[in-house]
């Protein structure tokens with residue numbers, strides 16, 4: 001079985017797949033310790049043979065995780081490295097090593113799935129948008145705060161905005177009428193900012209390609225903007241798809 005890891009800014013997503021890419025087990029944790037516990041439980045049902053990982057964390061954190069996986073599970077990790085070109089996509093950054101590896105994996109996966117021009121949107125802790133031409137040229141993209149960061153900034157940098165963000169998660173209720181409480185006002189305002197950003201990316205993609213492009217949507221908050229992009233393909237595991245392309249397992 002193959003252990004796959006997506007180590008993002010806030011969470012570590014993990015899953016166990018078989019040789020046919022069928023997902024046997026998966027989860028989301030906040031720390032290496034929680035990951036070890038989850039994999040210990042998964043190991044009772046599945047025998048691990050390989051591990052591949054994409055991470056946006058520091059070199060020290062990656063080295064620590066690789067060491068833990070080797071010592072605890074006997075796994076040698078195949079990790080994504082920066083590249084100027086991969087699977088037909090040419091990295092659009094002036095310094096290709098500076099493009100976040102999670103974005104790179106999403107771009108590579110989307111291009112493989114579309115085989116043409118595509119707009120790639122990932123709504124997580126940060127929100128990213130990337131543009132790829134039909135010939136695989138990555139035009140670059142945009143990064144802005146995601147919903148968790150928008151909430152946090154308002155709570156930390158204003159004196160009188162205090163509310164339970166967990167309890168407020170459902171306060172939009174599909175409505176974007178002006179909020180009648182601080183929590184409603186913040187939640188609806190932040191979601192509207194995300195939706196406006198996404199709409200602007202759609203218009204830019206149309207300027208580039210007319211209607212000849214596909215849209216890929218991923219990330220934990222993708223559902224908040226899906227109706228803004230009725231043509232979008234929602235692919236929750238887009239980064240894992242890219243990971244499989246970047247780090248194939250020898251047969």
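Cβ atoms are placed via backbone N, Cα and C, with glycine included.
Because the structure is a prediction, the values reported are computed rather than measured.
These features come from Swiss-Prot:
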- 6, 7, 8, 9, 10, 11, 12, 13, 125: ATP binding site (BINDING)
- 93, 100, 101, 102, 103, 182: substrate binding site (BINDING)
- 102: active site, proton acceptor (ACT_SITE)
- 122: K(+) binding site (BINDING)
Between residue 100 (substrate binding site) and residue 8 (ATP binding site), how many Å separate their Cα atoms?
10
ATP site shell beyond 6, 7, 8, 9, 10, 11, 12, 13, 125, criterion: Cβ within 8 Å of Cβ centroid:
28, 56, 124
How many other Cβ atoms are found within 10 Å of the Cβ atom of residue 100 (substrate binding site), counting all protein chains shown?
20
Sequence gap of 6 or more, Cβ distance under 8 Å: name the residues on the same chain that satisfy this around residue 12 (ATP binding site), in order along the sequence.
5, 6, 28, 29, 30, 31, 32, 34, 35
Would you find the one among the binding-site residues 6, 102, 122 whose Cβ has the most company, meaning other Cβ atoms within 10 Å?
122
Using a 10 Å radius around each Cβ and all protein chains in view, which of these binding-site residues has the most neighbours: 125, 182?
125
Which whole-number value in Å describes the distance between the Cα atoms of residue 103 (substrate binding site) and residue 125 (ATP binding site)?
13
Under 8 Å by Cβ from residue 93 (substrate binding site), same chain, sequence gap 6 or more:
99, 138, 140
Report the nearest neighbour of residue 8 (ATP binding site) in space among the binding-site residues 101, 102, 122, 182, comparing Cα positions.
102
Inter-residue C-alpha distance, residue 125 (ATP binding site) and residue 182 (substrate binding site) (nearest angstrom):
22
